[in-house]
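**Student:** The structure that follows is given in the form of structure tokens.
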Amino acid sequence: MRKVLIPKKDYVKELIKIIRVTKDEQKLRNLLSDYHEKDIAEAITFLTETERKHLYRVLGSERIAEIISYFDDAEMYLEELSLEQAAKVISYMDADDALDVLDDLSESKKNEIVSHLDADAQKDVQKLLSYEEDEIGSCMTNNFVCISEELSVREAMSELVRQAGEHDNISTIYVTDTEEKFAGAIDLKDLIIARENTPLQEIVSSSYPYVYEHENISECVEKIADYEEDSIPVLTQDGKIAGILTATDIVELVDDAMGDDYAKLAGLTSEEDLKEPTIVSMKKRLPWLIILLFLGMAVSSVVGIFESVVAVLPIVICFQSLVLDMAGNVGTQSLAVTIRVLVDEDLDTRKKLALLGKEMKIGFLNGASLGVMALVFLGIYIHLFKKYAWMSAFLISGCVGISLVVAMVISGFVGTIIPMFFHKIHIDPAVASGPLITTVNDLVAVITYYGLAMVFLIDIFHI
């Protein structure tokens, strides 16, 4: 029996229709209260400027603050608000979300809005701006509930209810000692089911994970992601709670870290933004391209050494790119795996050697498989289309096959050992390894391929 799928509602289309048809502002406000802010944000992108400005007036600054963080480009929408209204919207946002929106603006516009924020919001934003861009404190929010460990469960519940009006991250409640230092955390469920006269210390998790505000983001990402908590506190150097990282913040940090790693593997200094100017993107890409140009010249000069081989047996040059590309692919695969494994702080020498052996074994097995395929298919191709005798055709394809095996084994070794070396001397392996591995693999592949062709095909078999 086939299952009947109920079609999903298109909330964005519904919203656009509601916004355009409903003339009564109070009725429109009530209707929009049933929809999620993300859907409203998407619907707004389809409206005209006149319709958007009318909607801003209907929604009010507090609801706009909840919506605007979902825009990829908040600048355009903030420009449609007056300076006072824009500042009011930013004031209603969590400090970390407000900072994300402000970062999309020009420096002058950002400073103008910050100067019009209310005192509390200005203090929160300025605090986040005081951190370096790569410090974990720059990502935290002040939207959390904090209570004293001296309270009873009943008193803690009353305090939670009081603070919940201002803070919506209440699934984890943070606890401080008499000196206002972080003492642990309580899960909301544990607080609800505890007996009301129970001392709070009995249900506090005193070994709850935390990070310090000036820790490097990249060093914190793996540590905090593994805990799978709803939020994690960010502490000052003297142990007081400066803010928290929510699960959403952690996911964004992990996503950003992955994006940066991919960018570094591609030879970029950092991940590119679609909105950034062309010249900025060019500057990010150019440094490694210049380095690769000179490294490529070195590879080309090595190829020049084997000019006599090409002169005697021109067909070998047809398969040079095949050997180089396969070696490069294996090196890149090994590099990606190694960089991912090197994140593990518990990785000892034995595990590193095991990884090295595994990558070389994989390179050999894949190389052998591809080498056999190259032997058969290239041999047939050379005979049928290049008109070589069967013997000569299979000798040439055999040379290509053996070169693939050797080059792929060495590429697996190089793609693993080079990032390990850079990691050992505290240089980011993602940044430094890629271009170097490409060049080393190309050199190895060229020397292996043309060396075998010279010895195997010309000197021994005299093709």
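Any Cβ shown, glycine's included, is placed from N, Cα and C.
Marked as domain 'CBS' by TrEMBL: 140-202, 204-262. Positions annotated as transmembrane segment by TrEMBL: 286-306, 312-343, 364-384, 390-422, 443-462.
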**Student:** Out of 286-306, 312-343, 443-462, which stretch touches the transmembrane segment (390-422) the most, going by CB pairs under 8 Å?
**Tutor:** 312-343
**Student:** Please spell out the DSSP helix, strand and coil residue counts for the domain 'CBS' (140-202).
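**Tutor:** Computed counts for the domain 'CBS' (140-202) are 21 helix, 17 strand, 25 coil.
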**Student:** What counts of helix, strand and coil residues does DSSP assign across the domain 'CBS' (204-262)?
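**Tutor:** Grouping H, G, I as helix and E, B as strand yields 25 helix, 15 strand, 19 coil.
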**Student:** Across the domain 'CBS' (204-262), what does the mean pLDDT come to, as a whole number?
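**Tutor:** Taking every residue in the domain 'CBS' (204-262) and averaging pLDDT yields 87.
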